[in-house]
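Student: One structure follows; several queries about it will come next.
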Amino acid sequence: MTTAASASNGPVGPVDSSRVPRYAGPATFARLPRLDEVGGRADVAVVGVPFDTGVSYRPGARFGGNAIREASRLLRPYNPAQDASPFALAQVADAGDIAANPFNINEAVETVEAAADDLLAGGARMMTLGGDHTIALPLLRSVAKKHGPVALLHFDAHLDTWDTYFGAEYTHGTPFRRAVEEGILDTSALSHVGTRGPLYGKKDLDDDEKMGFGIVTSADVMRRGVDEVADQLRQRIGDRPLYISIDIDVLDPAHAPGTGTPEAGGMTSRELLEILRGLASCNLVSADVVEVAPAYDHAEITAVAASHTAYELTTIMSRQIAASRQGE
Ligand SMILES: N=C(N)NCCCC(=O)O
Ligand SMILES: [Zn+2]
Ligand SMILES: [Zn+2]
C-alpha cells in the first residue's frame, strides 16, 4: 500500500487519508513515516516507551503508546489553532518503541536514557509516548546532558516529587524529586499544573516547595482561566530550554478515564490544549505524554485526548525548528 506522501525535498509527511483510508495500515503516530523510512534522521522523533513497572496502583500504561498511535490516525496535517502544518515545517517521524526491561526498573531507566541519548545526538527533539511517569527521569537526564538543567512544566494531578515507595527510588510517583536531587532541572523555573487531590500529608507540599516548584492547581485554572495561566507560566519560563511532561491524569477522569491513578476535579482537555497553545513561543526542547492505560479507557476518550496533546506539542517543536532554520 501507499506509504508516506513525499514532497520532492521537503519533509516526508503522513499517509494521505483521502487516498488511503485512515484506518488502514500500521499505526505510526499521525500516520507519519517511521524513522528508518526517512534515513534515520528526524527533527522530531515520536517514540514509545512501553513500560509500567513503576506504577503504584492500576497497571497498563505499557499499552499507552500504541493506544495513542491508534487514536492519532484521525489527526489532520494542518493545525488551525497554531496556524501551522507541523509535518511540513519539519521532519517528524515515528521512531518506534524503546525496549525497556519490565522486570528490572533500574535497568529500564538506563535503557531509556541511552535510547534518548541516541535520538538527541541525532539532532532530534523527542515527543515521547509513555509508559508510566517513571520514564520522565531518564528522559530529563538525557535532555539535561544536551541543554544543561532545563525548565520543567509538569501537567499532572499528582506532584510526583515523593521520595520512595516500598524503598524504591525509581517509580512513577518520584521522578521529579530524583531529577531535582540530580541537579538536572533549572530550579528557578519549575511548575506543576493541574495538581489536585488528597496527599499523604502537608509535608508533601512543603518538600515540593523547597525543591523550587510552583503550583497551579486545577481549581486555579478554572478560576483564573487559561490565558492568564499560560501568561504566568511563560513569564516564569522565559527563554530557558523547556521540557513539558504531561501525565494524562491531569485531565478529569471524564476526559481521561483510561489512566492508572485517576483523581476527581481535573482539567478539561480544552483547557489543557489551550494552555499548551499559549506556550507556543517557549523553547520546547522535548516533551512526553504518559500514563495512558487503555484497559480503563472507553471509546478511546483518553487516547484521543493524548493524541491531540502530543499533536500540539509536536506543532510547537516543528514551528520552532522551522523558525530557527529561517533565522540561520
Ligand atoms: N500517576 C503518577 N505519575 N503518580 C501517581 C502516584 C500517586 C500515588 O501513588 O500516591
Ligand atoms: Zn498523575
Ligand atoms: Zn505523574
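Heads up, the Cβ atoms here are built off N, Cα and C, so glycines get one too.
In case it helps, TrEMBL gives these features for our protein:
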- 1-20: region 'Disordered' (REGION)
- HIS133, ASP156, HIS158, ASP160, ASP247, ASP249: Mn(2+) binding site (BINDING)
Student: Taking 8 Å from the centroid of the Cβ atoms of HIS133, ASP156, HIS158, ASP160, ASP247, ASP249 as the cut-off, which other residues in that chain fall inside it around the Mn(2+) site?
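Tutor: So the additional residues around the site are HIS154, ALA157, LEU159, HIS172, GLY173, VAL250, THR261, VAL290, GLU291.
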Student: Per 10 Å Cβ neighbour count, which of the binding-site residues ASP156, ASP160, ASP247 ranks highest?
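Tutor: Neighbour-count leader: ASP247.
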Student: Ranking the binding-site residues HIS133, HIS158 by other Cβ atoms within 10 Å, which is at the bottom?
Tutor: HIS158
Student: For ASP249 (Mn(2+) binding site), write down the residues of its own chain that are at least 6 apart in sequence and whose Cβ falls under 8 Å from its Cβ; none is a fine answer.
Tutor: ASP156, ALA157, HIS158, ALA256, THR259, GLY260, THR261, PRO262, GLU263, GLY266, GLU291
